[in-house]
Amino acid sequence: MVKSMGYFVFVVLLTLAPICFSHKPQVGYLFPQFYDHSCPQLQQIVKSIVAQAVARDRRMAASLLRLHFHDCFVKGCDASLLLDSGEGIVSEKESKPNKNSIRGFEVIDEIKAAVEKACPHTVSCADILTIVARDSSVIAGGPSWEVPLGRRDSRGASIQGSNNDIPAPNNTFNTILTKFKRQGLNLVDLVALSGAHTIGNARCVSFRQRLYNQNGNGQPDFTLDPAYASKLRNQCPRSGGDQNLFFLDYVSPFNFDNSYYKNILANNGLLNSDQILLTKNQESMQLVKQYAENMELFFDHFAKSMINMGNITPLTGPKGEIRQNCRRINSY
Ligand code: HEM
Ligand SMILES: *[C@@H]1O[C@H](CO)[C@@H](O)[C@H](O)[C@H]1NC(C)=O
């Protein structure tokens, strides 16, 4: 009996050995407790500065959430987006998706300064962007999740990557899905993460094509509700007013909820890239309907997909650096 127990334990150990001793996580070694000892105040500092920034400017939650997306889709989540031009670096801030649009860098600077004061040379700008994205969701009424940490910062930027890898609002469904798949993300990630457009603004230039000449035939997009289109045309004329701002979700522009998907079902999606989630693919259509019905399901998928996005090719271990100023690489 004792002997057979011993054999049993031996067999179990043999079976588990490959899992216990040689399993490598797919992505670097990110884990939520990464700074628990080296910077125990980190979470509190980030949360309180995000809260102050959103209290000053309600749009800021949206702007900060978007920073993480535009960082992760270009060379991975490495804070390449935060670098200013200079010393051989052409800033991603000048790219087509970012210019006159991306914002919130002063808030990241403020957080980085406070974190450096509490825990010098410890916390990466890339991790700050990731925590900030989660806190922005929470403060707008969206889901929360534990944020895997341990990313390091790049020593370069890629304006080409920023121009090519971030989806454009007039890309086709397949182009956008391909751009997500290239990052290791799938169709569920695409539909769930697009729900970030439940908060924040877009400029007239980002959707004008739909109002006047969707297919080069001088006709508006017939998948856009005519009454909504005519309201939009008032502030987004055929020419001029390029930078005029519109709510991505006019029903509840500051609340992170599922009204984005309800709007799409009512043909009131603002961007072409929003509306085509309903009209160009069966699977994504089903998800839009499910999220419009079931906010909990949307929140659950959004949180998981944000973690997936945060796992895009992080720099870990000896790679990259901990920048002292998020706008510049360290000088030695
Ligand atoms: C699926 C492909 C996507 C496309 C084509 C797209 C495109 C855009 C465009 C054109 C704007 C308005 C920019 C402007 O006119 O200034 C915008 C805003 C925004 N996007 Fe996306 N986006 C996509 C996915 C995402 C994802 C994955 C997130 C985050 C998880 C996100 C978060 C936001 C937020 C929060 C805003 C508002 C920002 C603000 O008010 O400052 N987007 N997006
Ligand atoms: C998409 O928009 C860009 C910039 O507004 C424009 O140059 C391009 O021609 C548009 N693409 C299509 C397929 O309409």
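Quick reminder: no glycine exception, Cβ is built from N, Cα and C everywhere.
Source: prediction; values computed, not measured.
Annotation comment: TrEMBL describes HIS70 as active site, proton acceptor. Long-range neighbours of HIS70 (active site, proton acceptor) (same chain, six or more residues apart, CB within less than 8 Å of its CB): LEU81, GLU92, PRO97, ASN98, ILE102, SER162, ILE166.
Its own atom aside, the Cβ of ASP71 (Ca(2+) 1 binding site) has 28 Cβ atoms within 10 angstroms in the protein chains shown. Per TrEMBL, the feature Ca(2+) 1 binding site maps to ASP71, VAL74, GLY76, ASP78, SER80, GLU92.
Among the features that TrEMBL reports, substrate binding site is placed at PRO167. Listed in sequence order, THR175, ILE176, LYS179, PHE180, SER273 are the same-chain residues six or more apart from PRO167 (substrate binding site) with CB atoms under 8 A from its CB. In the three-state DSSP classification, PRO167 (substrate binding site) falls within coil.
DSSP assigns HIS197 (heme b binding site) to a helix in the three-state reduction. The heme b binding site annotation in TrEMBL covers HIS197.
The Cβ neighbour count for THR198 (Ca(2+) 2 binding site), using a 10 Å radius over every protein chain in view, is 30. Among the features that TrEMBL reports, Ca(2+) 2 binding site is placed at THR198, ASP249, ASP257.
Sequence-distant neighbours of CYS39 (disulfide bond): residues of the same chain at least 6 apart with a C-beta under 8 Å from its C-beta are VAL115, ALA118, CYS119, THR122, VAL123. Residues annotated as disulfide bond in TrEMBL: CYS39-CYS119 (among others).
The secondary structure of CYS72 (disulfide bond), as reduced to three states from DSSP, is helical. What TrEMBL lists as disulfide bond is CYS72-CYS77 (among others).
A simple way to gauge crowding: the CB of CYS326 (disulfide bond) has 23 other CB atoms within 10 angstroms, across all the protein chains here. Under the heading disulfide bond, TrEMBL lists CYS125-CYS326 (among others).
Marked as disulfide bond by TrEMBL: CYS204-CYS236 (among others). The Cβ of CYS204 (disulfide bond) lies under 8 Å from the Cβ of GLN235, CYS236, GLY241, ASP242, GLN243, ASN244, PHE246, each on the same chain and at least six residues away in sequence.
The domain 'Plant heme peroxidase family profile' annotation in TrEMBL covers 29-330.
According to TrEMBL, the signal peptide annotation covers 1-22.
The annotation site 'Transition state stabilizer' is assigned in TrEMBL to ARG66. Neighbour count (other Cβ atoms within 10 Å of the Cβ, all protein chains): 23 for ARG66 (site 'Transition state stabilizer').
A Cβ distance below 6 Å to any atom of ligand 1 is met, among the recorded positions ARG66, CYS77, PRO167, CYS326, by ARG66, PRO167. Listed disulfide-bonded residues: CYS72, CYS77, CYS119, CYS125, CYS236. The one with the lowest count of other Cβ atoms within 10 Å of its Cβ is CYS119. In the structure shown, across all protein chains, ASP249 is the one of the binding-site residues ASP249, ASP257 with the greatest number of other Cβ atoms within 10 Å.
Each residue contributes its Cα atom, and for CYS326 (disulfide bond) and VAL74 (Ca(2+) 1 binding site) these two points are 16 Å apart.
A Cβ within 8 Å of the Cβ centre of THR198, ASP249, ASP257, the residues given for Ca(2+) 2, is found for these other residues of the same chain: GLY195, HIS197, ILE199, VAL251, SER252, PRO253, ASN255, PHE256, ASN258, SER259, TYR260, ASN263.
Calculated from their C-alpha atoms, the gap between CYS77 (disulfide bond) and ASP71 (Ca(2+) 1 binding site) amounts to 6 Å.
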